[in-house]
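Among the features that Swiss-Prot reports, S-adenosyl-L-methionine binding site is placed at Leu79, Gly105, Ser106, Glu107, Lys108, Val109, with the record citing similarity to another entry. The domain 'HD' annotation in Swiss-Prot covers 188-295.
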Amino acid sequence: MIAVLRINHRPFRDKRITTHVALTARAFGASSILVDEKDETLEQTINKVVENFGGNFFIKSGVDWKREFRNFKGIRVHLTMYGRPLEDVVKEIRESKKDVMILVGSEKVPFEAYEIADYNVSVTNQPISEVSALAIFLDRFYDGEELNWRFTGKINVYPSERGKKVKIIPDEQGCLDLLYKYGASDYLINHVKSVKELAVAIAKKTNADINLVTAGALLHDIGRTQVQGITHAVVGADILRREGIDDRVVSIVEKHIGAGIQSEEAVKLGLPPDNYVPETIEEMIVAHADNLFAGDKRLKLQQVVDNYRKKGLEDAAERIAKLHKFLSTVIGQDMDEI
């Protein structure tokens, strides 16, 4: 865990630069930032970024910086142009495996900060922006790995050679608005809400992304507003693509039928040739939560398996049973007990 400690913040003068310090801390792998002067506007700005773009970053202003720095149980780093070269100490700090607090000053830093710090670290001994210094330190600390981390938020930016490619993971109300836009019935709404409740309960027992599971569960049957057959998953995925919904949610919707449909079987069923077997934990959770409901009525695994076998779908019944067993193992509890 890395925390950033911003001191000597002057709300009416430093708001923009401290905002950038916080944004850099979040984007480059820190888990929180503490600011000495109380600044509610700054807190609101950063919290809004976290809400929209994801992550678990935390901000708190109005802290006693000396107490926070002195009492920190880990390695205390002070970034300063007068310190030891970054390249001489970063490996030692990283390999300690301890939590790190990085002090980043605004105006002149009190000498007491130098005395409390375990490491006074210099990114360069030339004048440099504290934003740049923090970014370089974090990048060296994580050895560039932080650039490969992916945040999951309402707004997700995808790389593109030109222009802007942004896709959305809607919150619960956004999902319901989308369903109503396409004319979802009360029956359908009640069904997806029931599936969502179970899916989220399962997800909380795993490392699954709750936002993806919530959106995928609520939108999994949006295709049923247009068609009622097995193609509703593909139709629903197409609707979401047109609506600019995140690809990971689209994939959950596209792969939620039973415990999945393999490409050879898909062609026989009249679906576009593709593999519709759930692969991510989020896809598996939503698919099986849907299996365990008929409308808003909860079913046990045996009821689901028996229903499939009565229709002559022995292979599908077996896949559902295997998925049930797998997820039960993951959460350490029989899915029927949730």
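We count from 1, first residue shown onward.
Cβ atoms are placed via backbone N, Cα and C, with glycine included.
Predicted, not measured: the structure shown is a model, and the values here were computed from it.
Taken together, the residues of the domain 'HD' (188-295) have an average pLDDT of 92. For Ser106 (S-adenosyl-L-methionine binding site), the same-chain residues that are 6 or more apart in sequence and have a Cβ closer than 8 Å to its Cβ are Arg6, Ile7, Asn8, His9, Arg10, Asp14, Ile17, Thr18, Glu130. Highlighted in sequence order, Ile7, Asn8, Val104, Glu130 have their Cβ within 8 Å of the centre of the Cβ atoms of Leu79, Gly105, Ser106, Glu107, Lys108, Val109, the residues recorded for S-adenosyl-L-methionine, and are not part of that set. According to DSSP, Ser106 (S-adenosyl-L-methionine binding site) is assigned to coil rather than to any helix or strand.
Here the binding-site residues are Leu79, Val109; the one with the fewest Cβ atoms within 10 Å of its Cβ is Val109. Among the residues Leu79, Gly105, Ser106, Glu107, Lys108, Val109 said to bind S-adenosyl-L-methionine, no two Cα atoms are farther apart than 13 Å. If you count neighbouring Cβ atoms within 10 Å for each of the binding-site residues Gly105, Glu107, the highest count belongs to Gly105. Sequence-distant contacts of Lys108 (S-adenosyl-L-methionine binding site), defined as residues of its own chain at least six apart whose C-beta falls under 8 angstroms from its C-beta, comprise Asn8.
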